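S.K.: Among the features that TrEMBL reports, domain 'Glucose-6-phosphate dehydrogenase NAD-binding' is placed at 10-189. Annotation comment: TrEMBL describes Arg47, Lys150 as NADP(+) binding site. Summarising the annotation, TrEMBL assigns substrate binding site to His180, Lys184, Glu218, Asp237, Lys343, Lys348. TrEMBL lists 191-485 with the feature domain 'Glucose-6-phosphate dehydrogenase C-terminal'. According to TrEMBL, the active site, proton acceptor annotation covers His242.
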Amino acid sequence: MRKTENQLLVIFGASGDLTARKLVPALYKLYKDKHLPEHFAVLGVARSFMTDEEFRKRVALESKYLDDSEEFIAAFSEKLFYEDLHKKYDVDYRELNERIQDLNTTYQCDNNIIFYLSTPPSLFEAIAKNLTAKGLNDERLGWKRLIVEKPFGYSLETAKSLNEGLHRYFKESQIYRIDHYLGKETVQNILVTRFANSIFEPLWNRDYIHHVEITNAESGGVESRGGYYDKSGALRDMFQSHLLQLVALIVMEPPLSANPEEIRNEKMKALKSLRLMTDPKVLEKNTIRGQYLASEIEGEKVKGYREEVDVDPDSTTETYAAVKFYVDNWRWADVPFYVRTAKRMPTKVTEVVIHFKSPHHQIFKNSDMNKDNKLIIRIQPDEGILVKFGVKVPGQGFAVERGNLDFYYESLGDESHIMEAYERLLLDAMQGDATLYARADEVEAAWRFTDPILDHWKKGDAKIYGYSAGVWGPQHADELIEGKSMWRNPCENLADDAGYCVIE
Ligand code: NDP
């Protein structure tokens with residue numbers, strides 16, 4: 001177990017939603033579970049004026065996200081401070097530096113500082129520059145780390161320029177790009193499933209795997225994020241970041257060790273091995289985009305995407321994206337990968353499905369493709385793993401059905417507390433463990449793969465299909481999948497079979 005050294009956490013954008021809803025609650029959990037170092041303080045920074053007391057009230061004392069006795073929360077809130085930047089982030093940080101030095105001395109933070117940039121990304125470089133002007137990137141007396149929030153760019157070009165901007169002031173080893181998906185226990189468990197189990201690893205290749213399917217489905221629409229989402233879309237919002245990170249964990253070769261750099265090197269190689277699609281015909285055949293239309297779900301009227309607040313009424317932004325692609329390396333040659341992400345689906349679920357090939361020689365003739373062995377890794381909501389395998393139907397003959405072997409994280413009980421993603425990731429950064437943070441080259445490799453799809457869709461001759469809110473996407477979605485297979489339209493409960501599930 002790594003040690004958590006004394007430190008100061010400085011959060012830029014501390015007046016925002018993320019600080020109140022995720023960051024402070026995660027720090028509070030760490031405090032409750034005694035993971036914070038002996039000497040620790042948090043300094044919130046933003047343009048808005050607030051006193052320390054007002055900040056504490058807003059994010060802790062009156063927060064609906066913290067639960068415990070008032071005294072306990074009050075004791076935690078004493079670690080929180082606030083400094084305003086007057087009007088903007090791009091100013092001389094003299095006053096801010098004085099406050100940081102003062103807190104560092106008073107609370108014995110040993111000159112170790114994390115700067116968490118929870119602001120729009122357009123401000124990242126200016127903040128890094130102004131910190132550097134005050135020597136706050138200098139690690140001679142104590143380490144300095146920079147955590148940056150997604151989105152990491154809007155395209156390959158903007159991601160490169162964001163990375164270059166940060167690299168002018170901070171070394172890559174000081175930069176932690178947070179992707180909260182990687183903080184989920186089941187996502188990390190992909191590595192353990194693959195590399196700590198001799199029953200899976202020998203099968204993890206083109207000889208035994210027929211295809212790989214990843215579904216990320218949201219039952220909600222864009223809600224209050226219409227303005228942001230309309231400029232982003234499903235591919236940028238989910239696919240380029242979270243879902244390609246999942247793909248990298250499925251595709252990567254075994255790392256030499258569990259060392260962060262070894263793991264990230266292999267993830268990087270995996271992302272580089274995704275076959276780029278640039279030919280418009282290939283892109284048209286292998287990608288599907290859609291947008292949800294108004295419909296009625298369980299008697300309730302649901303708005304179409306174009307009627308949502310802050311969405312352009314003529315918008316062609318996709319709320320459904322499905323991509324078929326191949327991985328050009330020895331392990332995965334000719335194995336299709338199908339990845340989809342969408343809003344207004346029948347249920348909220350994220351899962352990876354490894355579809356195994358049929359046995360080479362079929363003795364029991366009644367089995368079909370849909371009944372092949374599957375390994376399902378459920379990322380959310382009921383985190384767990386399910387193996388579907390053939391069992392004999394009782395009675396005469398050899399009729400085969402699929403039985404389930406399942407494991408749920410919640411079955412481990414209360415004593416094995418599953419950390420929330422932000423809690424886990426913050427603690428990792430506090431301990432200098434970058435395993436679950438995206439490196440600059442990984443982010444750029446993911447954009448290199450995604451850019452041509454976005455360019456193709458932008459040209460306008462690529463079709464955009466409508467689908468009724470509450471169904472599994474456009475009708476054509478199944479055509480993407482080769483042969484007799486279809487998407488596994490998953491249920492809310494991991495072990496339910498499609499067709500028999502209760503959807504929200
Ligand atoms: P907010 O929009 O609430 O912004 C955070 C703070 O940044 C605001 O309180 C504001 O503080 C300052 N700010 C916002 N816009 C501007 C601007 N144009 N110019 C200068 N300052 C500005 O964001 P969130 O807290 O929701 O998120 C922070 C970051 O995290 C964003 O980059 C977002 O993309 C990312 N993110 C957020 C998630 C979420 O669930 N909220 C999830 C994943 C990523 P003030 O005016 O006081 O300076």
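Count begins at 1; order follows the chain as displayed.
Every residue, even glycine, has its Cβ placed from backbone N, Cα and C.
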S.K.: Between the two most separated Cα atoms in His180, Lys184, Glu218, Asp237, Lys343, Lys348, the residues recorded as binding substrate, what distance in Å do you get?
M.R.: 20
S.K.: Counting every protein chain present, what is the number of Cβ atoms, excluding its own, within 10 Å of the Cβ of His180 (substrate binding site)?
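M.R.: Counting Cβ neighbours of His180 (substrate binding site) within 10 Å gives 20.
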S.K.: Under a threshold of 6 Å between Cβ and any atom of ligand 1, which of the recorded positions Arg47, Lys150, Asp237, His242 are retained?
M.R.: Arg47, Lys150
S.K.: Out of the binding-site residues Lys184, Glu218, Asp237, Lys343, Lys348, give me the one sitting nearest to Arg47 (NADP(+) binding site) by CA distance.
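M.R.: Answer for the nearest of the binding-site residues: Asp237.
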S.K.: How does the model score the domain 'Glucose-6-phosphate dehydrogenase NAD-binding' (10-189) in terms of mean pLDDT?
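M.R.: 95, rounded to a whole number.
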S.K.: With Cβ-Cβ distance below 8 Å and at least 6 positions apart along the chain, what are the contacts of Glu218 (substrate binding site)? List them in sequence order.
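M.R.: Sequence-distant Cβ neighbours: Ala342, Lys343, Arg344, Met345, Lys348.
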S.K.: For Lys150 (NADP(+) binding site), which of these binding-site residues sit within 10 Å, Cα to Cα: His180, Lys184, Asp237?
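M.R.: Close binding-site residues: His180, Asp237.
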S.K.: If I restrict to non-local contacts, at least six residues apart, and a C-beta distance under 8 angstroms, what lies near Asp237 (substrate binding site) in its own chain?
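M.R.: Listed in sequence order, they are Pro151, Tyr229, Thr341.
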S.K.: Give the residue from the recorded positions Arg47, His242, Lys343, Lys348 that has the most other Cβ atoms within 10 Å of its Cβ, counting over every protein chain displayed.
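M.R.: Of the recorded positions Arg47, His242, Lys343, Lys348, the most buried by Cβ count within 10 Å is Lys343.
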S.K.: Validating a neighbour-count step here. Other CB atoms within 10 A of the CB of Lys184 (substrate binding site): how many?
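M.R.: Its Cβ shell of radius 10 Å holds 23 other Cβ atoms.
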